[in-house]
Amino acid sequence: MESLTLQPIARVDGTINLPGSKSVSNRALLLAALANGTTVLTNLLDSDDVRHMLNALKALGVQFMLSDDRTRCEVVGNGGALKSATELELFLGNAGTAMRPLAAALCLGSNDIVLTGEPRMKERPIGHLVDALRQGGAQIDYLEQKNYPPVRLRGGFTGGNVEVDGSVSSQFLTALLMTAPLAPQDTVISIKGDLVSKPYIDITLHLMKTFGVEVENQAYQRFVVRGAQQYQSPGNYLVEGDASSASYFLAAGAIKGGTVKVTGIGRNSVQGDIRFADVLEKMGAVVTWGDDFISCTQGELNAVDMDMNHIPDAAMTIATAALFAKGTTTLRNIYNWRVKETDRLFAMATELRKVGAQVEEGEDYIRVTPPAKLQVAEIGTYNDHRMAMCFSLVALSDTPVTILDPKCTAKTFPDYFEQLARISTLA
């Protein structure tokens with residue numbers, strides 16, 4: 001297996017221009033495809049997940065022009081639901097941000113479309129979304145295991161009253177919200193259980209509004225969406241930098257700055273993961289906010305005990321930053337780590353122990369106590385981009401670290417290690 005050894009880093013200092021947000025990129029692409037008019041998306045993320053969405057849209061007959069560097073995309077809107085005249089199978093890799101929204105959007109009208117993906121995608125639950133779509137009239141079959149992809153979609157979603165479980169993934173609600181305006185009837189979505197990752201719903205509602213559709217949000221418990229609407233292209237849309245990707249660089253600044261500045265996000269960002277910077281500040285780092293940047297300067301870091309439900313992806317970065325904090329750090333309410341690219345709670349606990357940390361892994365929490373000195377280790381990445389990026393922070397010590405399968409960062413940040421090297425001074 002390919003590996004990359006990072007030598008100890010004495011200091012980090014500099015500016016990182018962030019790649020586009022994965023969450024925003026794939027939502028914007030789908031809405032642009034469903035809308036009336038042509039949309040020009042800039043700062044689009046070039047990554048595996050976005051390529052899977054683009055490939056699916058192309059197979060569905062959507063016309064778009066992509067720049068050579070794949071960060072500018074001109075999408076000719078379809079002016080309504082996406083249809084396939086023939087049977088179609090779409091392979092979506094391990095892209096949850098493509099699988100969930102497409103599973104809903106392709107239930108409009110009548111289709112015969114199979115959505116499938118990598119083996120890990122077939123382990124990521126989709127049952128709650130399918131149940132909700134069926135309540136709205138959709139005809140959906142599981143082709144292998146019940147409640148998991150691959151699924152066959154035969155259309156039929158007309159709206160009405162639907163109930164969706166919000167406790168596993170906010171992407172199920174996102175998928176329903178983006179599809180509902182194009183259904184013939186009004187849709188009332190009621191949430192069962194606690195809604196996880198609320199800020200991701202805010203991204204969805206913001207994008208829908210950008211494309212001309214308002215949703216009545218009743219305290220995140222009920223959402224009322226008028227049917228028989230159409231999305232309207234905003235013309236041009238700038239995709240924000242990826243706030244989850246920012247977390248590694250901001251944490252590096254907190255641990256071994258200098259000052260690290262990330263651009264492309266700022267105090268008014270639509271992404272909830274910018275709140276990660278508040279956690280670093282609470283730990284003792286110095287954080288500065290601008291309209292289009294966040295910067296972080298080294299401070300003496302102390303452990304925190306916090307509920308991380310609102311920033312599940314960026315919270316992983318705190319688990320490795322905890323190796324540099326005084327005391328025991330506890331991250332709570334993170335059950336949904338278990339249904340991401342890999343079981344991230346298990347993976348994180350396993351790999352933190354390799355570098356010498358004392359770790360307690362609960363059903364929905366993790367507790368990390370750093371060792372006196374980090375140990376040299378080979379870090380397994382579980383084909384999970386965030387594991388690879390999180391554990392790069394171990395090199396901000398006097399211990400080198402080896403990352404196995406470093407190219408898995410291609411899911412959201414293909415040149416991550418080059419960017420980290422650019423702001424690093426080796427010990």
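From the backbone N, Cα and C atoms, a Cβ is placed for every residue, glycine too.
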Of the candidates R70, R338, R344, R353, the one that Swiss-Prot places in the phosphoenolpyruvate site of K22, G96, R124, Q171, R386, K411: R344
Sparsest-packed of the listed binding-site residues (S170, Q171, N336) - C-beta count within 10 angstroms: N336
All-chain count of other Cβ atoms within 10 Å of K411 (phosphoenolpyruvate binding site): 23
Rounded Cα-Cα span from N336 (3-phosphoshikimate binding site) to R344 (phosphoenolpyruvate binding site), Å: 9
Diameter of the 3-phosphoshikimate binding set by C-alpha atoms, the set being K22, S23, R27, S169, S170, Q171, S197, D313, N336, K340, in angstrom: 21
Packing count at K22 (phosphoenolpyruvate binding site) (other Cβ atoms within 10 Å of its Cβ): 26
Site with most surrounding Cβ atoms, counting all protein chains shown within 10 Å, from the binding-site residues R27, R344, R386: R386
